[in-house]
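Have a look at the structure below, then the notes.
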Amino acid sequence: MGIKFLEVIKPFCAVLPEIQKPERKIQFREKVLWTAITLFIFLVCCQIPLFGIMSSDSADPFYWMRVILASNRGTLMELGISPIVTSGLIMQLLAGAKIIEVGDTPKDRALFNGAQKLFGMIITIGQAIVYVMTGMYGDPAEMGAGICLLIIIQLFVAGLIVLLLDELLQKGYGLGSGISLFIATNICETIVWKASSPTTINTGRGTEFEGAVIALFHLLATRTDKVRALREAFYRQNLPNLMNLIATVFVFAVVIYFQGFRVDLPIKSARYRGQYSSYPIKLFYTSNIPIILQSALVSNLYVISQMLSVRFSGNFLVNLLGQWADVSGGGPARSYPVGGLCYYLSPPESMGAILEDPVHVVVYIIFMLGSCAFFSKTWIEVSGSSAKDVAKQLKEQQMVMRGHRDTSMVHELNRYIPTAAAFGGLCIGALSVLADFLGAIGSGTGILLAVTIIYQYFEIFVKEQAEVGGMGALFF
C-alpha cells in the first residue's frame, strides 16, 4: 500500500517546480553567496506587506509561534515555514505509522521528498484560505471575493518561494537548510531587538523603552531612587527585562555545553589493516528536528482552535479544544489560550502563573518531554539515520565496527542510536521547558532552535575549513 501511494502521487510530483542538483562541486565562497542571497530574499519578503488587507491591528492569534515559525504578521511571510514543517510532520507520522512505506532506494527517497513538497503546497493554500476566511485581515464579506482571492494567491506564491529557497540550500548550493537559516535569523533578530529596541511604550509606570539594555540606562538616568530603578530594570513585567536577557545567555551556554556530549564507536577499515577511526553518536542525535516538529504540531492545533473559536465560540467541544483571550500588556496585542487543551500545551506566562496553576505546569512538561522524545525516535526511521541506515553507510565505505562482523553491526548500533535519539529528544524538551520557566527571550523552543542551528553552521564551517586546508583557502 505504501509504495502504491508514492507511485500514485508520482505524476503530480513530476509537474512541481524543482531545483536541479549542482553538476559540479560548489565552492565554499559560492555557498556563502547563495546563502546570503537566500536570506536577503527572505528578509525582503518579511517586510513587503500583503496587498489588499483592510486591517492587521487585531490581536495576533499566533504571536507566540511567530518567532519559531519565522513568520511576520501582515507580510508575504505571514505563513513562514509553517507549511513546510507541517508537511514534514504529516509525512513523518504516516511513514512512522507504516501507513506509507519508504524504501532505501534513491527513487523512493525522491518520491517521499516530492510528496512532502506537494503536501507543503496544498497546506499553504489551506492555511491561506483559513487565515483570510477567519477575518485576520478584515471581514471577508467587506473585502469582497476578488481581494480575498488576491491575498490567498500572494500567500501561496510566498509559500512556494520559501519551499524553493529551502530546496536551493538543501540541494547543496548553500549552507545548511532554508528552514534552519530562517528560524535562526528570526530568533536572533528577536533577541537583539528585545535587548536594544529604542521603541517607547507608555506603561502605568510612565514611558519606558522596550529594549532591556536601553531601559536599564534610561531608568537609572530618570529615576531618583537608583535601587528601585535597578529592580525595575531586572524584574519589570510585560516588557523584556535584564533577567530575561541573563536567562537567554545561560540557556545558550547550557545547550552549547550539551552539544559536546557524544559516544564514539570504534570502527576500522575492512580493506586496509591498521586504519582506525570512530563513529560519533551525539546526545542530540536528531539535532533540533523534535522541537521543530513539536512546534508545527502546536501551531496547527492553535490554527484549528482559533478558526473554530471565531465561528463557534460557545460550543462545548470547541471550548474544550481551546479558549482564547486578547492580551496587550505593554506590547503588541496578541491572543493567548486561557482554557482548554491549547492552554495546557502552552508554556506558563510567568513565574506567578507557574505557582497559580501547577497542573498546567505538569501537563506542559509531560507533553514537551513526551512529544520531543517521540518525534526524535520516529524521525530516525524516515530520515536515513537509523541503525540499519548507518550500518549500510559504513558497509559502503568498507568500514566495520571493531570486534563485530558485518552482520552484527546493526544489532550493536541498535543499542545506541534509538536510545540516543529518544533520550536526546527528551533532553531537548527539558531544556526548552527550563528556558520557558526562566523567561528566556524568544521562548525556550526558540532559544534552543537558535543555538542548535548556529552550532550546525559552526560545524559546517569547521568541516569546510578542514577539507580545503585553512581559513584563507575558504574565501580566496
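Even glycines carry a Cβ here, placed using N, Cα and C.
The record in Swiss-Prot shows differing topological domain names for Glu30 and Met351, meaning opposite sides of the membrane.
A contact between the transmembrane segment (442-462) and the transmembrane segment (289-309) is present, since 3 or more of their C-beta pairs, 6 or more residues apart, lie under 8 Å. Per-class residue totals from DSSP over the topological domain 'Cytoplasmic' (97-117), listed helix then strand then coil: 12 helix, 0 strand, 9 coil. Under DSSP, residues within the topological domain 'Cytoplasmic' (262-288) fall into helix, strand and coil as 0 helix, 15 strand, 12 coil. Taking Cβ pairs closer than 8 Å, the topological domain 'Cytoplasmic' (262-288) reaches residues 180, 375-376, 379-380, 383, 385, 390, 394, 398-403, 412-413, 416-417, 420-421, 423-425, 427-428, 448-449, 452-453, 456 in its own chain, all 6 or more past its ends. Cβ atoms under 8 Å from those of the transmembrane segment (76-96) belong to residues 2, 42, 45-46, 48, 50, 66, 69-70, 102, 112, 115-117, 119-124, 127-128, 131, 154-155, 157-159, 161-163, 166, 178-179, 182-183, 186, 292-293, 295-297, 299-300, 375, 378-379, 381-382 of the same chain, restricted to positions at least 6 beyond its ends.
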